[in-house]
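**Student:** Have a look at this one.
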Amino acid sequence: MESENIAATTPLLHTTFPSIQQETDLWHTFRVRLRYYIPILGWLPKYNLENLQSDLIAGFTVAFLIIPQSLSYAQALVNVPPVLGLYSAFIPQLIYAILGTSRQIAIGPEALVSILVGSSIKEFTQWRDASPMISMEPPIAMPAPIDPMSNIQATTLLCLMVGIFTFLLGFFRLGFLDSVLSRALLRGFVLAVACVVMIDMSEALLGLNPPTGQCGSNYTLYRIEETGGDFESPFQKLLDILQRLHNTHFLTASLSVFSFIFLLGFKFIKQRYTQLKWLKFFPEILILVVFSTVITQIFRWDCAGVAILNSVDSRLPDGVKILPVPTLAKIKHLLLSAILIAVIGFVESIAVAKTYASKHNYTVSPNRELVAMGTGNIISSFFGGFPGYGSLGRSAVNDSAGAKTQLAGLITGLVVFLTAIWLLPLFQFLPKAVCSSIIVVAALRLIELEDIHFIIQLHAWRDLGLLMLTFFSTFFLSIEIGTLLSVGVSLMLVVKHTTTTRLVLLGQTSVIDPETGQFKTKFKNLKEEGSGSHIERVEGGIIVRFEEGLFFGNVGQLKERLKRIELHGNLGIHPGEEPRMEYQVRQEEWEDEESMNAPLVATVPVLYGVVFDMKAVSDIDASATQTLLEIVEEYHKRNILVCFVKLREHCRDAFTRSGIVKIITPHNFYNKIQDAVNKLNQYKIQFRNSNGNGSNDTRFLHPTSIPFRRSPMINSPHEVFTSFEDYDQISQNYSP
């Protein structure tokens, strides 16, 4: 009875256990995937409390740095209320700490991105005010006061578009795009942007624009005098500033000089005394901000003509609209700027993330980085923020301060948030000249001449030309044109490199076999002629080795390149020059004077055969197969022998289905180049004998009618067709 009960329950166990196991596997898979898409669920439960002190120090240190920087970028570059700079600092940082994978990167307003945002908003505002369908207000005569409140909606709309585009790049797994942009082009663009920043900040540093609405007023309003037209290039603005140097405000300029000396002096001290660890954490920017704010309030320099932030509040005035309101016209005008800002911001951020991931031996996912930064900017746009990405300078401070995990970023975001709520009014008397000094010192870090020196050292004149192209276009035209040019040229260079088939011309040379001590023939690149070995061309033949897989993108010019090789011998000859190969081959082959006077065009071809080395062709698509079929058919009509060497097994189906095997027969597929060259030599001898004897029998002129005395080796790792029977048997599998 007991055994019957056991037997009765056994099937039940077998039926329920798999379902329980399946549910367990699904739950495990869900948890693993969730930790991947929300990284904080992976590192926070396993957080080591020993890292808490380091993360706290790093979080507060970066906060003391990002608060004055955010205020400066907001009012001086983007031209929005300073509080929005703090919103742009803590919201993306908090979101990134939840979704990001880098432990040391510091997210928030960044100099280069803020410059691009400010330039785009300035252009958008001019377009909006000039368009009666967009702005219902009457046009304002120049020079005109600019209200930062009017830029908020445009800034938030741009931030929303940048965030959406960045998020979509990550969602569709396009994180590899950081490798698309040329380093030389980006370096030229960054150098030009650093110069543009210093030019833009010169007005505030020298006090060329007298402040208005200060010394007792309750609102912030300052004038921007436009003397160079609506779209003034950086070079034109530099000339304008030089013409107005006589209007320099002495007290403002003195304060700027003091700020420069203080910041650069501490930078030098930190580099000089690296053994003092506490010196790394000294917040010189925060000290400068506090000191200049206090001294300005005590002596009331705002009444003496020094421009200050003036009334700053954590809340915007009633009635100010911050939510982005997208319209088709606005989206069309801001779309290009949003794409360029997203690409530039991501490239700079992923470079920082990869640097510290390599330093601390962990991995980052570019796609997860895109999603994290895109989500942060999307959420920030609904609170009035402008785009923020990873900062190289703040990330270096974060790492030096000892950041171990993303908790340091969470602490930074919380400190900035508390500052925006309670401490922001204390920055009312912060001079704008000090903010501009902070920005210029940050821009000086963008000027790195090591890359230029390296390019010159390598004699890479093309890269140097590309660098100068983007630099001068940005400096003399605009940041938008420089950005578009750098991204556009980079993409064109990638497309050009991708669409060119990488192939190598091979020649034969003699080398000593280390095992037997005898000479043997080896096939090498003809460009290695000067490397100590004499490499000869195969008489009457061309040996081409493909260096990559073949697909529709890189076979478009294959026919033209093979034709150029046939006429000129290599690809380095300009196609406009006279053919070189025909006369040389004929003179070598026909030595007697009587044969030289014969009509050789009809009887002696320049080219007898072509050998394609397919060892590196790991894959081939339909377009590439069709192109090869057309090439084979053309050679076949001209009675030129075609052989394929080391064709991979999974490429064989495409050759069979397309009819290439049927045209050249299975006997012309080999495992060794030497076997194909031997077949070529036999064909050449047969061809000369048939024509030299005056025979009219064209049977010997056809490349497939000449038997080969040596069969290909079937024991090679790359199988080939060994007989017509093999081909007939294989082709039956593909017959309809």
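Cβ coordinates come from backbone N, Cα and C, glycine included.
Automatic, uncurated: that is what TrEMBL annotation is.
Sharing the feature lines straight out of TrEMBL:
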type     : residues : note
TRANSMEM : 56-78    : transmembrane segment
TRANSMEM : 152-172  : transmembrane segment
TRANSMEM : 184-201  : transmembrane segment
TRANSMEM : 250-269  : transmembrane segment
TRANSMEM : 281-299  : transmembrane segment
TRANSMEM : 334-357  : transmembrane segment
TRANSMEM : 369-386  : transmembrane segment
TRANSMEM : 406-424  : transmembrane segment
TRANSMEM : 429-447  : transmembrane segment
TRANSMEM : 467-495  : transmembrane segment
DOMAIN   : 531-680  : domain 'STAS'
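Neighbours and distances for these, please.
**Tutor:** Sequence-remote contacts of a segment are chain residues at least 6 beyond its ends whose Cβ falls under 8 Å from one of its Cβ atoms, and for the transmembrane segment (281-299) they are 57, 61, 64-65, 67-69, 255, 259, 262-263, 266, 270, 306, 308, 400-401, 426-431, 434, 438.
Sequence-distant contacts of the transmembrane segment (406-424) (same chain, six or more residues past either end, CB-CB distance under 8 Å): 39-40, 43-44, 47, 51-52, 54-56, 58-60, 62-63, 66-67, 70, 82-83, 86-87, 89-91, 93-94, 96-98, 100, 102-107, 312-314, 398.
Taking Cβ pairs closer than 8 Å, the transmembrane segment (429-447) reaches residues 68-69, 71-73, 75-77, 111-112, 190-191, 193-194, 197-198, 201, 204-205, 207, 211, 252-253, 255-256, 259-260, 263-264, 267, 285, 288-289, 292-294, 296-297, 301-302, 306-309, 392-393 in its own chain, all 6 or more past its ends.
Long-range neighbours of the transmembrane segment (467-495) within the same chain, counting only residues 6 or more positions beyond its ends whose Cβ lies under 8 Å from a Cβ of the stretch, are 115-116, 119-120, 123, 180-182, 184-189, 191-193, 195-196, 231, 233-235, 336-337, 340, 343-344, 451-452, 455.
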**Student:** Can you tell me which recorded stretch out of 152-172, 250-269, 369-386 has the most Cβ pairs within less than 8 Å of the transmembrane segment (334-357)?
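**Tutor:** Most contacts with the transmembrane segment (334-357): 152-172.
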